[in-house]
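TrEMBL has this to say about the protein:
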type     : residues : note
COMPBIAS : 210-228  : compositional bias 'Low complexity'
COMPBIAS : 229-240  : compositional bias 'Basic residues'
DOMAIN   : 5-225    : domain 'ABC transporter'
REGION   : 207-250  : region 'Disordered'
TRANSMEM : 302-321  : transmembrane segment
TRANSMEM : 327-346  : transmembrane segment
TRANSMEM : 367-392  : transmembrane segment
TRANSMEM : 412-433  : transmembrane segment
TRANSMEM : 445-465  : transmembrane segment
TRANSMEM : 477-501  : transmembrane segment
Amino acid sequence: MRRELRLDGVGRRYGLRGPWVLRGVELGVPPGALVRVEGANGTGKSTLLRLLAGIDAPTEGRVTGRPRTAYVPERFPPALPFTAAQYLTHLGTVHGLSRRAAARAAEHWLERLGAAGYADTRLSRLSKGSSQKVAVAQALLAEPELLVLDEAWTGLDADARGELERAVAERTAVGGAVVFVDHDPRRLAGVPDAVYAVRDGSLAPPYRTGPGVRGAAGRRAGAGAGRCRPPRRRAPHGRLGRGDRPRIPHAHRSRLALRRPAAHAPDRPAALARGERARPRGAPMTALLRYQTALLLRSQRWLPPVVLYAAALGIGVQGGQPVLDSLGWAAAVLLPVAAWLVRICVTGEPPAARECVSAARGPARSHLAAVLVGLAAAVVLGALATVVVTLISDPVSTGHGTRVSPLPAAGAGLLAALVCALLGTAVGALTAWPVLRSPGRAVPALLLAALLALVASGSPARAAVSGLVTGSRSGAVLLPLLPLAGAAVIAAGAIAVACALGSRGPSA
């Protein structure tokens, strides 16, 4: 962590006229700081942590200097279609590690947390405590510069709690910052550089500080101000020296004492991160796309829309029919299927798991990856349907009076399918989270919007499909280039709106 993370005049409320959860927050978290946040239930502690982690965006004010971040939620969802090792490898690549480095770091942290025996166990079969160990491991394996812990010790056994405390000490020793909330007042008692309380929607100045703390005297307290200073001396290579330890109560010292990794795991994640973190600029987005693709395929939630599409093709396309008519039907039916696939992708990830990914790469980019995977699935489905329909249909016009060249017909059908896939993506993006959060409203809205996109005058989908039908009557193949351009613009705008709203957090 190279510079201070700052919250300046930050406020957050949900809805245009909702009450302010936080307002006027002034907070600085410098490199190496250990900060505890306290407060009663419902006062906004978790909201503050989500703002720090980048999962949520402030309604007012600004957040600057956010470094590489990892987040541990209070309750990690087991409803993910991966084994523990598979999930951690995916998250490691999302954080910027190579797959090899991510796999090795996952093995290292699972062992440190006492969960190595569950590496090949599906997350859905893990207990609450074991799932929480996976949540902690995903945050630590890439050595984040800012570690945000929201009740992260909840559900862990005594040994795992001790390992997490040691990991916190390791992070701050090398200049990383840690901000945490925990219901146990004895957790790291006396160790934090500053302790803040969230009261009445504001952040009170630190009322109890550790040995390396500078108080908030002279700063604005009414709106909630604070700044902490990390311990002065740091030991190299991720270890705390004898004189570098924070003043820890005697009862905690044996638990927080750092130790060497196990003999069978000589390569520390630090070495992995230093040696294998450098990757091409597009690698994080590629990792997000791979993660979302694996999430879609392994969940098997893609089966219902694919089966529906196959059934619709079976009803509307028969062997020997004019090829352009059949391609028009295949493209039209693809539009609602594409909207359904996009909805599956953006809602299939449990909220807590989505927050972990959003902390690593930002909620907007994470949402974009989910939408793009849904679009890609629809395009692949449309391309396969175009090939099959072209092969089984008769290359003639309506009435079998004029021969139609199969290759140009297939090209026109593929472009029409792409138009419908793009419009379906726009419909799916605008009728699912975060635009419409209630399934009771989102599903009817999706069906109505998909129907309007097909029949409304001026719709690119209607123009593309009508072009195929008209061409079938005359025997001329018309490429729907103008509808394709219009669909691309509409899809880009819809995706931008959805991603912007997604960056506002879980309950904008």
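Each residue, glycine too, has its Cβ placed from N, Cα and C.
Keep in mind it's a predicted model, so treat the numbers as computed, not measured.
Tertiary neighbourhood of the transmembrane segment (367-392): same-chain residues 285, 288-289, 291-293, 296, 302, 306, 309, 313, 317, 319-320, 323, 326-327, 330-331, 334, 337-338, 341-346, 348-349, 406, 409-410, 413-414, 417-418, 420-422, 424-425, 428-429, 434, 491, 495, 498-499, 502-503, selected by CB-CB distance under 8 Å and a gap of 6+ residues from either end.
Long-range contacts of the transmembrane segment (412-433) within the same chain: residues 323-324, 327-328, 330-332, 334-343, 346-347, 371, 374-375, 378-379, 382-383, 385-386, 389-390, 442-443, 445-446, 449-450, 453, 459-461, 464-465, 467-468, 471, 477-481, 483-484, 487-488, 490-491, 493-495, 497-498, 502, each at least 6 residues beyond the stretch ends and with a Cβ under 8 Å from a Cβ of the stretch.
Proximity of distant same-chain residues to the transmembrane segment (477-501), defined by a Cβ-Cβ separation under 8 Å and at least 6 residues beyond the stretch ends, is recorded for 324, 346, 364-365, 367-368, 371, 375, 404-405, 408-409, 411-412, 415-416, 418-420, 422-423, 425-427, 429-430, 432, 434-435, 460-461, 463-464, 467-468, 470-471, 508. Within the chain carrying the transmembrane segment (445-465), a Cβ under 8 angstroms from the stretch's Cβ atoms is held by residues 328, 331-332, 335-336, 339-340, 343, 415-416, 419-420, 422-424, 426-428, 430-432, 436, 480, 482-484, 486-487, 490, all 6 or more beyond its ends.
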